[in-house]
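What follows is a set of notes on a single structure, which appears directly below.
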Amino acid sequence: MQGLLSKFAKFSNKQLTNSIRRFAGNHHHHAGDQADRVADKIIWINIQNRIGQFERISAFEGESLLEALQRNKVAGIVATCEGGEDINTMLEKPIDPVTYGPFCSSCQVVVSNPWRNKMGNLHYLEERNLVRSSYPTTENSRLACCILVEKWMNEMIISIPQNPNSVYEDNM
């Protein structure tokens, strides 16, 4: 017990008080405090669903938009291939030149401007799947599995297109 007390003796009262508050769940942020809050990590995405209604979902920096859509159970996102291969994904920077990329286009979303303009050009593998898609596409069409959520995307607006060739999705 004496050894434990001697370890705490080198901390100031302020350090001990802050440690106790954090441990007890009563931590308040002060100027200069570096602790992150969950609310500071959330990126809000606004979605217009297939019937025109809007919903707002939470996403986290570093995950794919597809993961956020699935976690929030957004209707109309089937994601048949789950984003393609797991090892060399389209989300890595730079994209591995030997990746096969996504295998389908069932996670297509339409990204509104100005967010789409900030995303840059499509990777040829994503473009290949959009060209082969049974969904009607626009110049703002993207695959959710190929979009890495970043902080600047906060309040981004996307819409979920309807797939005219899919009986499976009509039951959602």
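From the backbone N, Cα and C atoms, a Cβ is placed for every residue, glycine too.
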Same-site residue for [2Fe-2S] cluster 2 (record: TrEMBL; known: Ser106, Cys107; options: Gly62, Gly83): Gly83
Site-mate of Cys81, Glu82, Gly83, Cys104, Ser105, Cys107 for [2Fe-2S] cluster 1 in TrEMBL, selected among Cys145, Cys146: Cys145
Intrachain C-beta neighbours of Glu82 ([2Fe-2S] cluster 1 binding site), sequence separation six or more, cut-off 8 angstroms: Leu66, Cys145
The domain '2Fe-2S ferredoxin-type' (41-164): DSSP-derived helix, strand, coil residue counts: 27 helix, 27 strand, 70 coil
